[in-house]
Amino acid sequence: MFQIKKICCIGAGYVGGPTCSVIAHMCPEITVTVVDVNESRIKAWNSDTLPIYEPGLKEVVESCRGKNLFFSTDIDSAIRGADLVFISVLSNPEFLAEGTAVRDLKEPDRVLIGGDETAEGQKAIRALCAVYEHWVPKSRIITTNTWSSELSKLAANAFLAQRISSINSISALCEATGADVEEVAKAIGMDQRIGSKFLKASVGFGGSCFQKDVLNLVYLCEALNLPEVASYWQQVIDMNEYQRRRFAHRIIDCLFNTVTGKKIALLGFSFKKDTGDTRESSSIYISKYLMDEGAKLFIYDPKVLKEQIIHDLSQPNISEDNPERVSDLVTVTSDPYEACQSAHALVICTEWDMFKELDYEKIYKKMLKPAFIFDGRRVLDHLHAHLQDIGFQIETIGKKVSTLRIPYSAAAVGSRLGAIEPPPKKSKA
């Protein structure tokens, strides 16, 4: 059987970099070269400061970089010398979760490899299987045809996104009835047919994959004349956007139906904890809706760079073609306490563990009164009684906490966001 000795991976981003670093780490006899046209990104991979943050990744890279792992901009040479080129030979979709990518690569639930049902295609499949068999049990390596492989990737992310949108829809019902979505999620999650994973209500899902893959599924269904199927999956995206708008409305409503000129501390900007990735982060959209109302945002995230935050908020669809407003309304801080100084409200958008350990008595003393906490990730559930004793008004997803406040109404009077309705359909990927 043909053995792979040299691998070339085109693309040194969130997938290519970690995936091929782990392959090099687990297969010391294989030379792995990761190439990219972005020279600054390649320089970062060759430096002490990697271009992405992922727990355990730096140790993996440093263990084999310069030995059998190389990062280069010389794409042509790397392709010519490779036995296998990732992204152009086989369908090998990844199922990584950012924040646990290294663990997912070392201990995968499954590895999926798809290829043509030709002699050449089957030969390529067997060769790539041999690479993964260095550390992955054969029983976890699935081989399929190319269409099955690609649809499995889209369907997996669509199902996960669907679960998040489903529990978020129930969170709205819980707030209206007095139920607690965490209690509901626990009850239904104990049903073995359902399971407990991805039943965490929040301000909505983000990241590069969920929305992109669901929209690709929608587009594919429309192209194949399956409009009912396309409409079904489009609702997953619509519900996610509805949840973001609903949370922003709640902030505006509680702050006496206006946030114009008011300072709001926004804690967390990455789309989830333990990553610096901001792609499609709900924080971006919450920020947009608050900026649309004239709020002064002070943003803190332990891993996202200031330049990235400003870049994300300056995009035309976020800044309303007025990037200058970002410099007027947004301040990025390096300290969470500084962000909360003289703020009317504190909004948690990312579930970083450090937000559970902040000195909230210190924060309360420095905030304007009444002081509000809007917990979009349910990270402060264990502190509600303590926070209320301090004096905070607490608002969270899927649960009524504060009782002494202005009643919440679905349509905030005076808000330019308008009625809370699912937004119009986005253009498909």
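Using the three backbone atoms N, Cα and C, a Cβ is placed for every residue, glycine included.
The annotation NAD(+) binding site is assigned in TrEMBL to Gly11, Ala12, Gly13, Tyr14, Val15, Gly16, Asp36, Arg41, Glu98, Cys209, Phe210, Gln211, Lys212, Arg279.
Around the Cβ of Glu98 (NAD(+) binding site), the same chain contributes Tyr14, Glu54, Gly207, Phe271, Lys272, Asp274, Thr275, Asp277, each under 8 angstroms and 6 or more positions distant in sequence. Annotation source TrEMBL lists substrate binding site at 94-98, 153-157, Arg193, 200-206, 271-272, Arg377.
All protein chains included, Cys209 (active site, nucleophile) registers 24 other Cβ atoms within 10 Å of its own Cβ. The feature active site, nucleophile is assigned by TrEMBL to Cys209.
Mean pLDDT of the predicted structure over the domain 'UDP-glucose/GDP-mannose dehydrogenase C-terminal' (265-382): 97. What TrEMBL lists as domain 'UDP-glucose/GDP-mannose dehydrogenase C-terminal' is 265-382.
A separation of roughly 28 Å, to the nearest angstrom, links the Cα atoms of Gly11 (NAD(+) binding site) and Gly204 (substrate binding site). Of the listed binding-site residues, namely Val15, Ala97, Leu154, Ala201, the sparsest CB environment within 10 A is found at Ala97. The two recorded residues Leu154 (substrate binding site) and Phe210 (NAD(+) binding site) have their Cα atoms spaced 9 Å from each other. Here Asp36 (NAD(+) binding site) comes close to Ile10, Gly11, Ala12, Gly13, Gly16, Ile42, Phe71, Thr73, Ile75: these same-chain residues lie at least six apart in sequence, with C-beta atoms under 8 angstroms from its C-beta. Shown for the domain 'UDP-glucose/GDP-mannose dehydrogenase C-terminal' (265-382): DSSP residue counts in helix, strand and coil, namely 47 helix, 19 strand, 52 coil.
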